[in-house]
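Below: the structure, in structure tokens.
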């Protein structure tokens, strides 16, 4: 059946794109076509698109596109907030118009009329809390308390002067919301990513809990919607006795391999909207699960996105330094062997088991000073330090 094969190809291509986009940079995919697809999706496609714009509209069109992109992606603006509300509203409207008439059904009770509205309402509430809550503003009055609670670790955070403000790098107050990248060495005070995204707000110490709840809740909403739509389709199969008709009247063998093509064909012909919605919600739920899992890992280790990059740079630099030291030690040992005075020959077994200087590299340890354990890290997310009474009584250093 060509329709079924089109659906199968569509699912395979969609999953390949999602896996390549999210996981293509993993070492396990190094040198494979998944890595190449990842590079194309993240860099190559954008570069080809800019070349296309230059070829069609010239350099002026390219500059115009880059300006719009900079405003939409790197500057605070309500575009993504509006886009979120539009996507949420349109998706809920399509689901309601196409599927609510089947509620109550064979497997779905009328209760889901109300739970769906409550679920969407809670999602919008969490979106508003994340968008308009205070991320944690660093001021001249409270910065010393933050530094007292989270001292510089002298590894990725050192006390230095801001090259822009020409002051000690602790305060960057920009229009109420604070860019706190590299401001304080606190992984909960420093914004998780510290960018103006869909929420048009910086994610910091005080609203990380809302941000995590927003991601988790929307993952659950998408999963819930996909499951309910699946149950609606299963109920329609049951109510219309599709399996019975296929096996009794059309003589189709009562097995999954024989029945599934005919069932899929009937679903595509009668409920194609629900199938597309299920696929859409399933893909979004996978993306949200990956995004939530990444930020949950950051919260559990009390690390920010920016700190992750800093630690990668530090470990890379430390590894290169150790390799240089080992190479220097090996060269020194070789020179000493050549220029050494004649002495009794070394035992072949001792020479065999003697460790090369290149093998005595120092073990690189990620000593995260701010990782206080999973329970304490989670408590800092749920109960931000600056909202506690003990924080206001801290003595300035």
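Residue numbers in this text run from 1 along the chain shown.
Backbone N, Cα and C atoms are what each Cβ position is placed from, and that goes for glycine too.
Quantities reported herein were computed from a predicted structural model and do not represent experimental measurements.
Per TrEMBL, domain 'Palmitoyltransferase DHHC' is recorded for 200-312. Residue counts for the domain 'Palmitoyltransferase DHHC' (200-312) under DSSP, helix first, then strand, then coil, are 91 helix, 0 strand, 22 coil.
Annotation comment: TrEMBL describes 6-27 (among others) as transmembrane segment.
Same-chain neighbours of the transmembrane segment (39-58): 17, 20-21, 24, 64-65, counting only residues six or more beyond its ends whose CB sits under 8 Å from a CB of the stretch. What TrEMBL lists as transmembrane segment is 39-58 (among others).
If you look up TrEMBL, you'll see 78-95 (among others) marked as transmembrane segment.
Sequence-distant neighbours of the transmembrane segment (111-132) (same chain, 6+ residues past either end, Cβ-Cβ under 8 Å): 81, 84-85, 88, 92, 95, 100, 103, 199-201, 203, 207, 210-211, 213-214, 217-218, 220-221, 224-225, 228. According to TrEMBL, the feature transmembrane segment maps to 111-132 (among others).
Residues annotated as transmembrane segment in TrEMBL: 210-234 (among others).
Same-chain neighbours of the transmembrane segment (275-294): 7, 10-11, 14, 18, 22, 91, 94-95, 98-99, 212, 215-216, 218-219, 222-223, 225-226, 229-230, 233, 267-268, counting only residues six or more beyond its ends whose CB sits under 8 Å from a CB of the stretch. Per TrEMBL, transmembrane segment is recorded for 275-294 (among others).
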